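This report concerns only the one structure given below.
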Amino acid sequence: MLALLGATTLMLVTGAPWVLPAASGGTNLKSPENGRVCIIDDNFILQWNSSRESVRNVTFSAEYKIPGMDNWKKLPGCQHITSTECNFSSVKLKNVYEKIELRIRAEKGNSTSQWHEVKPFIPFQEAQIGPLDVHLEAEDKAIVINVSPPGTKDSIMWAMDHSSFIYSLVIWKNSSRLEERTETVYSRDKIYNLSPETTYCLKVKAELRSPRRVGFYSPVYCINTTEKHKVPSPENIRIDAKNQVYVLQWDYARENTTFRAQWSHEFLKRIPGSHSDKWKQIPNCEDVKTTRCVIPQNAFPEGIHRIRVQASNGNSTSFWSEEKIFNTEMKTVIFPPVISMKSVNDDSLHVSIGAPKESENKSVNQPYPLIYEVIFWENTSNAERKVVEKRTDVTFPNLKPLTVYCVKARAFTENGKWNKSSVFSATVCEKTKPGNTSKTWLIAGICTALFSIIVIIYVVKVLLRCINYVFFPSSKPPSTVDEYFSEWPVRNLLLSTSEEQTERCSIIENANTITVIEETNPIEDHKKYNSQTSQDSGNYSNEDENSESKISEELLEQETV
């Protein structure tokens with residue numbers, strides 16, 4: 001025991017490294033350190049650092065475990081390795097998205113160190129895109145580039161991403177690096193706008209956008225372009241839609257030349273390899289002698305395509321022109337809709353949107369779903385209302401009665417990224433109906449007019465009666481007046497007739513003066529009538545007669561005296 005303590009003290013003093021007890025055997029070994037994995041395409045490299053061992057002839061071995069495995073297995077390519085890295089690409093992984101666990105230990109003879117465990121990892125997340133293999137072909141003004149996709153032919157790492165890679169290319173004249181330019185290309189593509197008989201150099205790298213991954217550049221490749229071809233290629237390829245056809249045009253300076261045009265699906269560019277046999281002849285564009293050709297719209301299926309043109313002069317042909325990308329959605333002409341408008345209810349206008357008509361009065365077939373923008377305004381105002389609808393009928397309620405409104409509309413594709421729309425249709429105007437309020441006012445006006453007419457008639461009638469009474473009096477009073485003034489005393493005051501009786505009466509104011517008064521009496525017939533109809537009247541008459549007789553007697557007596 002004392003000897004062991006002494007030996008330990010001696011080792012500490014002399015600075016000898018601390019050695020862990022051996023796992024088996026009698027030799028003490030340290031475990032590897034800083035284990036890590038480097039994955040480039042389908043190459044799996046395990047690296048580590050070894051401790052400073054004074055013991056020689058130490059080897060390293062690794063084991064792995066994946067989900068579904070209960071026990072550790074020996075890692076192929078990483079058994080009894082004398083260096084500090086090993087390649088375990090031969091491991092047959094079924095899924096690069098599953099987590100892998102690794103561990104390493106040092107070995108010497110029958111002695112081993114403790115296991116050093118590497119942090120678990122998912123291969124796809126750790127993988128990097130390696131340098132690419134590039135093959136070049138020269139033309140007079142272009143270079144054909146063929147890029148081998150990352151990984152091997154049977155790669156499992158990028159098996160799901162072969163069509164998702166984009167390739168970034170840097171090209172420059174060998175004589176001047178200052179003129180370098182960067183382009184995005186496909187795995188098989190062309191680099192245009194180059195000079196004949198010139199050396200160009202380039203390098204390429206691959207990229208993934210999702211998840212974001214940038215690879216290493218390829219080695220630099222250089223190639224010489226050929227001398228100028230005797231039959232130049234057509235230039236400035238363009239295609240436009242007009243009515244129900246496409247018009248393909250190009251520029252070419254020479255005469256006595258024929259042309260042909262081909263098309264291919266755009267998605268083929270994303271698939272590695274050559275697809276020269278997938279190009280198809282465009283109808284009406286074969287052996288044409290003009291720099292244009294007219295193509296029926298049904299010649300292309302819906303989608304994105306590429307178009308190229310080639311010139312021929314006798315037995316000589318040019319290189320194919322630069323490929324033009326052609327999208328049927330972008331080139332399809334959208335015709336303005338046909339609209340109609342009519343007044344409905346009392347305060348609403350209904351707008352109907354119909355498909356445009358061809359010359360034969362047939363509806364134009366629009367191949368894509370459309371949305372309609374309707375502009376609506378009052379004819380006497382500049383204030384506009386805009387409505388965007390998928391429906392082909394729109395109603396504008398709560399409008400002013402008996403007012404003219406106008407409308408116009410245009411159509412555009414439902415997929416807004418193409419920003420494809422028609423021009424506006426012709427303007428249509430319509431007048432609204434009178435409405436309930438107008439009817440009410442109309443009825444009120446009619447009633448007021450009728451009442452006014454009645455009042456006017458009544459007033460005129462009264463005026464006429466007054467005028468007749470004043471200027472044209474009647475010889476006989478009205479019956480109402482005659483009945484009311486039926487008694488004699490009153491009638492005597494109001495009426496005078498030609499048939500009157502006169503009596504002479506003398507009133508003696510004093511003895512010496514006698515005044516004679518003439519008194520008019522009604523005719524005898526009226527007296528009789530009054531005596532029969534009114535007893536009071538008869539009594540009054542008798543009293544008068546008596547008074548008259550008395551006066552006569554007194555007068556006679558005075559005369560006698």
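Glycine is treated like the rest: Cβ placed from N, Cα and C.
What TrEMBL lists as compositional bias 'Polar residues' is 530-541. What TrEMBL lists as disulfide bond is CYS78-CYS86, CYS201-CYS222, CYS285-CYS293, CYS406-CYS429. Per TrEMBL, domain 'Fibronectin type-III' is recorded for 233-331, 335-435. The S-palmitoyl cysteine feature in TrEMBL is assigned to CYS466. What TrEMBL records for 523-561 is region 'Disordered'. Residues annotated as signal peptide in TrEMBL: 1-15. Per TrEMBL, the feature transmembrane segment maps to 441-464.
Here the C-alpha separation of CYS78 (disulfide bond) and CYS222 (disulfide bond) works out to 39 Å. Cα-Cα distance from CYS201 (disulfide bond) to CYS86 (disulfide bond): 35 Å (rounded to the nearest whole number). Taking the C-alpha atom of CYS222 (disulfide bond) as reference, the shortest distance to any of the disulfide-bonded residues CYS86, CYS293, CYS406 belongs to CYS86. In this structure, of the recorded positions CYS86, CYS466, the smallest number of CB atoms within 10 A of the CB marks CYS466.
Along the domain 'Fibronectin type-III' (335-435), the predicted structure has mean pLDDT 81. Looking at the residue listed as 'S-palmitoyl cysteine' and CYS285 (disulfide bond), their Cα atoms lie 105 Å from each other. Working note on the disulfide-bonded residues CYS293, CYS429: by count of other C-beta atoms within 10 Å of each C-beta, CYS293 ranks first.
Shown are the disulfide-bonded residues CYS78, CYS201, CYS222, CYS285, CYS406; of these, the residue with the fewest other Cβ atoms within 10 Å is CYS222.
Between CYS406 (disulfide bond) and CYS293 (disulfide bond), the C-alpha separation comes to 42 Å. Across the structure, CYS429 (disulfide bond) and CYS293 (disulfide bond) place their CA atoms 42 angstrom apart. Put simply, CYS285 (disulfide bond) is 60 Å from CYS86 (disulfide bond) when counted between their Cα atoms.
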